[in-house]
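Everything below concerns the one structure shown next.
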Amino acid sequence: MLGIETSCDETGLALVRGRELLADVTASSMDSHARFGGIVPEIASRAHLEAIEPTLDAALGQAGVGLSDVDAIAVTAGPGLVGSLTVGSAAAKALALGLGVPLYGVNHVVGHAAVDELVHGPFPERFLALVVSGGHSSLLMVRDIARDVVELGQTLDDAAGEAFDKVGRILGLPYPGGPHVDRLAREGDPDAIAFPRGLSRGKDLARHPYDFSFSGLKTAVARYVEAREDSGAGVPVADVAASFSEAVADVLVTKTIAACRAHEVDTLVIGGGFSANSRLRELAAERCAAAGVDVRIPPIRYCTDNGAMIAALGSAVVRSGVAPSPLDLATDSQMPLEQVVMGAVA
Ligand code: ATP
Ligand code: FE
Ligand code: MG
C-alpha cells in the first residue's frame, strides 16, 4: 500500500505491507511559511508539486521496491487545504490509473489514529481515540477504524495545537509555537497560575461532556501577560507556559478518561501533532494507569503529518473490505470525521 499525505504543509509518502512499515519519507515546506507566522496555502500547494515525485522516489528506494510492486494507493481526501489536497489526489489518481490498482481516498484525522497499528499492533475490538493536532481536537469512539468511527466530542473553537501556537505568539516565540511552549513549560511551575479549564463545570460540562474549548484559556493567558507587562512586573514566561500546558493537558485527559469510563472502554489511542506534547503524554500515562486504561501513543515522528498514517489507514480499509473510491474521487477540505473513505459521488 502506497500512502500519500498532502493535506497541509507536509508531503508524506510511505509504503506498508499490512501493518508493517516499509518506508516513510516526509518533505516539509514549514520553513517557507515561518516568516509569515502561518501556513500560506499557495506556497504549500506549490511545494507539494515540487516535492511529490522526489519524495515518492525516496520512499520506493527506502523500501527497496518499484512502482510495479504497489498493489493499492491511499491518499488523503480531506480534511485539509484544498490546493494541497488536490496535488496529492491528482498524483494518486494518475498513479492508480497508470498502475491499474485501486485507489482509496481516506480521512486525514482518522489516519492520525490509524498509524498506531504500525507501532503497537492490531487494535482491540473497540477503543477511544483522542486526535489532537493543529486543526482538530476530537474524541472518537472506534469500533472499526475503516468504517465505524463516531465523534463523541470536539473543540468548539481552537484546536489544542492552534491554542499552543497562539500562546507561542503571545509569549514572543517563533512559529509554530507549540514545541517552543512545550520546551519552556518544562522549566516552569504548572501550579503558578490558575488558568481556566473550559467546559469543565456545571451546565457547561453537562451540555458538553466530551467537547473542548481553548479560546477562553488563550484569552486568559493574553490578559495575564498584558497585566504583568503593564504593571512592569515582568512576565514569568516559563510559569505561564507550564500553567497553560497543564490546563490544556488536564482538560484533555480528564474528559477522555471520563469518556472511557462511560463507554466501558479500556484502550485509548492518542494521535495527531499535538500528541507530541510532553505534558499530555505524561499526564495521560499517569492517569490512564490509575484508571486501568491501556494508553497507546505512537512515537513523535508518527504524530505529526506523515504518509505512514495514510498508508496504515488504507491497509485497515482493505482488511475491512471497504470498496475503493472512484478514480474521479473528490477531495473535501471539510471531510467529516465519521467518513473514513471517500465514496462515489451520489
Ligand atoms: P490537522 O491534523 O488537524 O489537519 P495539522 O496537520 O496542521 O492539523 P499536525 O501537523 O498534526 O496538525 O500538528 C501540528 C500542530 O501540533 C501544531 O499546532 C504544532 O504547534 C503542534 N505541536 C507539535 N509539537 C508540539 C508539542 N511538543 N507541544 C505542543 N504542540 C505541539
Ligand atoms: Fe495532521
Ligand atoms: Mg502539519
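Here the Cβ of each residue, glycine as well, is placed from N, Cα and C on the backbone.
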His108, His112 bind Fe cation per TrEMBL; candidate in Asp305, Asp328 listed for that same site: Asp305
TrEMBL substrate site partner of Val131, Val132, Ser133, Gly134, Gly135, Asp165, Gly178, Asp182, selected from Asn107, Asn277: Asn277
Model confidence over the domain 'Gcp-like' (20-311), averaged pLDDT: 97
Structural state of Val131 (substrate binding site), classified by DSSP into three states: strand
Conformational class of Asn277 (substrate binding site) under the three-state DSSP mapping: coil
Cα distance (Å, whole number) from Val131 (substrate binding site) to Asp305 (Fe cation binding site): 12
Pairwise Cα distance for Asn277 (substrate binding site)/His112 (Fe cation binding site) [Å, integer]: 15
Candidate with the highest Cβ count within 10 Å, taken from the binding-site residues His108, His112: His112
